[in-house]
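Heads up: the structure comes next, in structure tokens.
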Amino acid sequence: MVNTTALIRSPTFVAQFRVLKQVNRGLFSQTSYARTHARTSYTHTMAGTDRLQQTSQILSRSTSSEIRLERPFKVTVIGSGNWGTTIAKVVAENTQEYPQLFERRVDMWVFEEQIEGRKLTEIINEQHENVKYLPGITLPENLVANPSVAAAAADADVLVFNIPHQFLGRIVEQLKGHVKPGARAISCLKGFSVGKDGVQLLSTYIEEHLHIPCGALSGANLAPEVAKGNWSETTVAYTLPQDFRGTGKDVDHAVLKKLFHRPYFHVNVVDDVAGISVAGALKNVVALACGFVLGLGWGNNAAAAVQRVGLSEMIKFARMFFPESKVETFYQESAGVADLITTCAGGRNVRIGRAMAETGKSAQELEKELLNGQSSQGIYTTQEVHEWLQQCGKKDEFPLFEAVYKIVYEGVPMSKLPDMLEDA
């Protein structure tokens, strides 16, 4: 006979119940969620109509066509790779659907390239398709490709960063002086900024250099599947800036949910920016290792072992260096274990790791050969994590991360991986 009391009190049951409760809350209480945030969001004083009050009224109405913001939020996406273009598509669909909240036009900054003698921006704007990075997907007509990052960002209330993270410093320098003081940002970037003073989230890097609040978006999201409208989930993390003054202060959780949520792209908004960011960055390192064992033909058992050790090290890294992060984020959110599973099953990084094992070529060579101008973010994150762990004397506490570094950058044979994880 099953001991019902013991079952209900077990940690596994409690964790599953909490997840189910969150899912039910998201499915059946979206309207009350928006109303609650609209009521409890902090207010600010500004000349003329109070933008926050207008936003609250719109979000609390079941049909909001009769109310319109005096100045709707302008949204810009910085980046146009396959994930950048996919997020821009999602956002542009929502600015069309909610003209009371958002300006219809969405600018997408595009690094200008020549495609068969034509500018990529011209192709996108005329054919409504990113033929290089997201071919075969029709883009909304209100999504406008812009070759100038400064012009694209001008007057934007919300900036969505979605570029390879190794280019962030250069882009931020170009944006300085062109971002309005009241703007808000969401980072879809995966990686860290490492310096002599420590390891830093990329959202924090954006905040410090552009002086605007920045959240993060991450989840179990393979870009081609989202772009096709296949159902998936994601997590947006954003902390309301209590001590910030600006006209963008009414960009809160409810507004962000309206901006990113689609019938095929379900969004949960939380405040754990650190947890979401760490999970999104480190899963790419784990995916490289997963690719190694799959490429060696060791099968699913070995891949599962890599993911177990990887998840443990991801959580340990977050707790050690970003104590404000929440452990439950890694288990309950799409940006945690769900993203790890998806990335290890079919992302760019597992593809590169597998190809390294099968061909003997370097990660850098394969990135150029296989990814059509895209980046394998795990290659760069692996180096950043190693630099930081070496700097603070913690390398031995993260054997998987160090093993991936040694394989990618020092030529250690992949066959040594089990030995390097003996005590993990």
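Every residue gets a Cβ built from N, Cα and C, even glycine.
The NAD(+) binding site annotation in Swiss-Prot covers GLY79, SER80, GLY81, ASN82, TRP83, GLY84, PHE111, PHE167, ALA223, ARG348, GLN377 and rests on similarity to another entry. Taken residue by residue with DSSP, GLY79 (NAD(+) binding site) is part of neither helix nor strand, so it is coil.
Residues or ranges marked as substrate binding site in Swiss-Prot: LYS190, ARG348, ASN349. Its Cβ taken as reference, ARG348 (substrate binding site) is surrounded by 25 other Cβ atoms within 10 Å in the chains shown.
What Swiss-Prot lists as active site, proton acceptor is LYS283. For LYS283 (active site, proton acceptor), the same-chain residues lying six or more positions away in sequence with a CB closer than 8 A to its CB are GLY310, MET314, ASP339, LEU340, THR343, CYS344.
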How many neighbouring Cβ atoms, not counting its own, are there within 10 Å of the Cβ of TRP83 (NAD(+) binding site)? 24
Taking LYS190, ARG348, ASN349 as the record's substrate-binding set, what's the max Cα pairwise distance in Å, rounded to a whole number? 13
Compared by Cα position, which of the binding-site residues GLY81, TRP83, PHE111, ALA223 is the closest one to LYS190 (substrate binding site)? TRP83
Could you check which of these binding-site residues, GLY79, GLY81, GLN377, sit within 10 Å of ASN349 (substrate binding site), going Cα to Cα? GLN377
Within 10 angstroms of the C-beta of PHE111 (NAD(+) binding site), what count of other C-beta atoms is obtained when all protein chains are considered? 15
Please list, in sequence order, the residues in the chain of GLY81 (NAD(+) binding site) that are at least six apart in sequence and whose C-beta is under 8 Å away from its C-beta. TYR133, ASN162, ILE163, PRO164, GLY373, GLN374, SER375
